[in-house]
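S.K.: Let me give you the structure first, and then I'll get to my questions.
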C-alpha cells in the first residue's frame with residue numbers, strides 16, 4: 001500500500017502567513033471553488049490551541065491543486081495575503097539549499113507578491129518569502145526554485161540590478177554553518193583593527209602616528225558624536241594582515257595618556273552579538289551547574305518571615321550561602337529561596353522542613369527549578385493526560401455508567417477531578433424518568449435531570465417572564481446561573497383555580513416522611529457531584545440537619561443519597577409548611593417557584609429563615625406585579641370593547 005501511495009501525484013498545498021483567526025471552514029470556502037477538497041488542517045499549538053499561522057490543503061486532483069496555486073497565491077484572507085506553495089514533506093529536500101537564492105538590500109515596499117512576480121520569469125518557484133518583523137520588511141528575502149539551473153540564471157541576471165531604485169544582492173543561499181566558517185576564515189586574515197578607551201585628546205593624526213609604526217595604513221578614523229566630540233574609539237585599516245596582527249599583539253593593554261587601551265580585530269555587529277551570546281550562555285550554564293541541587297524553593301511563608309528569620313530556620317541543616325524572601329512593594333510574596341553549600345545539606349533540609357509549620361503555616365520546600373524546567377514539566381504532565389484520554393477504547397466512555405436503582409446511571413469509574421461528567425445524548429435520554437411532579441413544581445426544561453449536569457451559579461433572583469392573559473402568571477421563572485425555566489405547573493394550577501397538585505400533596509406526604517429512612521452517604525452533598533465511589537471519599541464530620549416540625553431531619557448527605565428525581569420532592573415537603581406560615585394562600589405557587597433554585601441554595605434557605613423570607617418576599621413581589629399588569633390589561637381591553 002505504501003508503494004502505491006507514493007506513486008500518487010502531489011495534490012497537497014502548504015498555505016502560510018495565515019491570520020491567527022483563520023479556521024478550516026474559511027479555508028474550505030476559499031479553496032473549494034478550485035476543485036474537490038479532501039481535507040484541510042490548520043496547524044495549532046498543542047497546549048494553547050492557537051493557530052501557528054499555516055495550514056495544509058489536500059485536493060483530490062493535482063490539477064485542482066495547481067489551479068489553486070496559480071490563481072489564489074497572495075490572495076487576502078482577514079486582511080493578510082496568504083502564501084501558497086507545494087507541500088514538501090521531506091525536510092531534507094527543503095533544507096538541502098538546492099535551488100535556494102538569497103536576496104538582500106531590498107526596498108521596504110517589496111512584498112512577497114512583488115518578489116514572486118520578479119523572479120518567476122527565471123523558472124518555477126517552490127516558495128518565496130520576504131522576511132518581516134513587526135515593523136515590516138527586514139530588507140532581505142529567499143526564493144526557492146524548483147531547479148538549480150533556474151536559481152543560477154536568476155543570480156546571473158539579477159545580482160547588482162536595481163529594484164525600486166536600490167541595488168540588490170542576489171546570491172546562492174548559504175547555511176549558518178557555511179557563513180560562520182567563511183567569517184572564521186576571514187577573521188584569521190583580518191586587516192582592520194579596532195581601538196577603544198583612549199582620551200578625547202587623541203585625533204585622527206595622533207592615532208595614525210601611533211599605529212603606523214607597525215606597517216602601511218590605508219585609513220585611520222576616530223569616531224565622533226554630532227558635536228564633533230570624540231567617542232573614545234576608532235579604527236585603523238592596514239594593507240597587510242601581518243601588520244594588523246602585530247599592532248594588536250603589541251598595543252593591546254598599553255597605557256596612553258593615563259588610560260589602558262583595548263586593541264583587537266574589528267568585528268561585524270553579527271559577530272559581536274554571536275560572541276556575546278556565547279559568553280552569556282556559558283555564564284548561564286556555569287550558574288546552573290553551581291546551584292544544581294543546592295538551591296531550595298520555599299513557599300507558603302508566613303507574612304512575618306523575613307530574610308533573617310528564613311536563614312535562622314534553615315541554618316541547622318548546613319552552611320547557607322544565601323536566603324531571600326521575595327518582596328513586592330515591601331511586602332512578602334509568600335515564597336523565597338535558600339541556597340546551601342552542598343547538595344547533601346539541601347536534601348536534608350527538604351526532608352526535615354517540608355510540611356513543618358513555621359509561624360502559622362506549613363511550609364512547602366523543594367529543590368528550585370528554572371522556568372524552562374517547570375514549563376517543560378507542566379507540558380509533559382499535560383501531554384501525558386491527553387495521551388491517557390486518547391488511549392481509552394472507544395466504548396470506555398459509553399460503558400462508564402452502570403444502571404443504578406430507579407433506572408439512573410452512575411459512573412462506574414471516578415470522574416477526573418474538577419471536570420464535569422460527560423453524557424452522550426442516548427444516556428441523557430435514559431436519564432430522564434417519568435416526572436414525579438405531574439403538574440407544576442418542576443421546570444419543563446429540567447424534568448428528571450440529575451443535579452450533576454445542572455448549571456450552577458450565583459444566588460438566584462426571581463424574575464418575571466412575559467405572562468399571558470390567563471388568571472395567573474403563565475411563566476414565572478428563576479434565574480439560576482444565567483438560565484431560566486418555565487413554570488408550566490403554575491399555569492395549570494392557576495387556570496384551575498387552585499394550587500399545584502404536587503404542592504397540595506406535600507402536607508400529607510410530610511406526615512409519613514419519617515417512616516421512609518434513607519441511606520446516608522459519607523460525603524457532603526454538592527450540586528456538581530452525584531454518586532461518587534464511596535471508597536475514595538473521605539469521611540466528613542456530622543452535618544447539621546434541617547429540622548421541620550413533624551418531619552425527619554434533612555441533611556446534605558441524605559439529599560445527595562436520594563435519587564435526583566426525589567431530591568426536589570424532599571425539599572418541597574419541608575419548604576411548603578414553612579412558606580404556608582408566611583403566605584397561606586400563595587404557599588403552593590411560591591413553593592413551586594422556589595424549587596427551581598439549586599439544591600444547595602434551598603438547603604441554605606431551610607437553615608436560614610432570613611434567607612427563606614427574602615426569597616419568599618421576592619416571589620410575592622413578582623406575583624403581585626404580574627397581577628397588577630394583568631388587571632391593567634383587562635381594563636384597557638374593557639375600555640376598547642366599550643368604545644367599539
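Just so you know, glycine gets a Cβ as well, placed from its N, Cα and C.
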S.K.: For the record in Swiss-Prot, which of the ranges 412-435, 436-459, 460-483 is the region 'Disordered' one?
M.R.: 436-459
S.K.: According to Swiss-Prot, phosphoserine sits on which of 212, 528, 584?
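M.R.: My reading of Swiss-Prot gives 584.
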S.K.: Where Swiss-Prot marks phosphoserine, which residue is it, choosing among 315, 608?
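M.R.: Record lookup in Swiss-Prot returns phosphoserine for 315.
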S.K.: Which of the listed residues, 137, 319, 332, has Swiss-Prot annotated as phosphoserine?
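M.R.: Looking at Swiss-Prot, the phosphoserine feature maps to 319.
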S.K.: Quickly, which of 87, 206, 237 does Swiss-Prot have down as phosphoserine? Just give the residue.
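M.R.: So the answer, going by Swiss-Prot, is 206.
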S.K.: So one of 177, 254, 375, 568 should carry the feature SUMO2 cross-link according to Swiss-Prot; which one?
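M.R.: Residue annotated SUMO2 cross-link in Swiss-Prot: 375.
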S.K.: Rounded to the nearest Å, what's the C-alpha distance separating residue 304 (phosphothreonine) and residue 361 (N6,N6-dimethyllysine)? Just drop the number here, would you?
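M.R.: Residue 304 (phosphothreonine) and residue 361 (N6,N6-dimethyllysine) have their Cα atoms 11 Å apart.
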S.K.: When the Cα-Cα distance from residue 584 (phosphoserine) is computed for each of the recorded positions 140, 206, 315, 361, 375, which gives the smallest value?
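M.R.: Nearest by Cα distance to residue 584 (phosphoserine): 361.
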S.K.: Looking at the recorded positions listed here (140, 206, 315, 375), whose Cα lies nearest to that of residue 361 (N6,N6-dimethyllysine)?
M.R.: 315
S.K.: Reduced to three states, what secondary structure does DSSP give residue 584 (phosphoserine)?
M.R.: coil
S.K.: Could you give me the DSSP helix, strand and coil counts for the domain 'RRM 3' (191-268)?
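M.R.: Helix, strand and coil residues of the domain 'RRM 3' (191-268) number 22 helix, 30 strand, 26 coil.
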S.K.: Select the closest residue to residue 315 (phosphoserine) from the following recorded positions, measuring between CA atoms: 140, 206, 375.
M.R.: 375
S.K.: To the nearest whole angstrom, state the Cα distance for the pair residue 375 (SUMO2 cross-link) and residue 140 (phosphotyrosine).
M.R.: 34
